[in-house]
Amino acid sequence: MKKILLTNDDGYHAKGIKALEQALEEMAEIYVVAPKHEKSACSQCITITAPLRAEKIKGKEGRHYRIDDGTPSDCVYLAINELFKHVCFDLVISGINLGSNMGEDTIYSGTVAGAIEGTIQGVPSIAISQILSNKNKNTPLSFDLAQKIIQDLVQNIFTNGYPLKGRKLLNVNVPNCSLQEYKGERITPKGYRLYKKEVHKRTDPKNESYFWLGLHPLEWQKRENEDRLSDFDAIASNHVSITPLNLDLTSYDDLKSLESWHEGMLK
């Protein structure tokens with residue numbers, strides 16, 4: 001039977017990861033290793049300066065752990081290299097995140113980081129996120145569509161193989177709409193996010209300053225000279241966006257111009 005490792009950044013008890021397990025439990029043998037507490041926006045943080053404690057969850061056949069103060073990257077690393085080191089995972093899936101992971105969100109996202117860690121460890125990986133609100137602001141949150149999408153994706157992967165080669169992963173965002181309003185899926189590039197940048201300064205009882213960072217999404221910016229619609233465009237029209245992400249951050253288009261610039265600097 002196929003084996004899938006689940007993680008998230010909303011925490012072990014989050015509704016999204018429970019919905020994810022429920023969607024897949026008849027398709028594969030499910031293992032869950034997730035942070036004990038919420039770790040949203042922790043990015044690719046991995047713990048190397050403090051110990052990690054893994055708590056085995058009773059009644060889950062030894063397949064569920066929550067990691068005290070662990071990040072999604074910690075969870076996936078620990079699961080593959082120690083907790084279930086004798087298990088050959090077919091997929092790592094991170095989610096279902098409560099909120100979008102599009103554009104620059106992917107850099108901050110702990111959800112995407114969990115899938116990235118799976119990719120680093122050599123396992124095909126998917127990050128999946130549920131949009132909390134869009135133009136249908138009165139639509140109650142439901143994971144029905146996200147569950148259907150992940151079931152379809154996983155079945156396709158099990159039947160036809162993982163679609164990406166090398167150190168790449170799938171990033172999936174699901175619109176906040178009903179199954180009846182859903183328009184289909186689009187393969188999209190990552191768009192550009194515009195944020196409202198806020199810093200909230202406060203004073204504690206000892207008259208010392210502390211800060212809350214606010215990084216609230218405002219809108220997105222259209223991609224220039226791009227025929228293909230972005231992940232934001234897909235979500236805005238009630239489509240699921242599926243975006244391939246590459247771990248190689250090298251800007252190959254700039255290598256030659258950078259060489260010329262560097263040669264000029266040496267003259």
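Every residue number used here counts from 1 along the chain in the order it is shown.
Note: Cβ is positioned from N, Cα and C throughout, glycine not excepted.
Taken from Swiss-Prot, the feature divalent metal cation binding site applies to Asp9, Asp10, Ser40, Asn97. Counting every protein chain shown, the number of other Cβ atoms lying within 10 Å of the Cβ of Asp9 (divalent metal cation binding site) is 31. Reduced to three states, the DSSP call for Asp9 (divalent metal cation binding site) is coil.
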Worksheet item: In DSSP terms, helix, strand or coil for Asn97 (divalent metal cation binding site)?
Response: strand
Practice prompt. Just name the most isolated of the binding-site residues Ser40, Asn97, going by other Cβ atoms within 10 Å of its Cβ.
Written response: Ser40
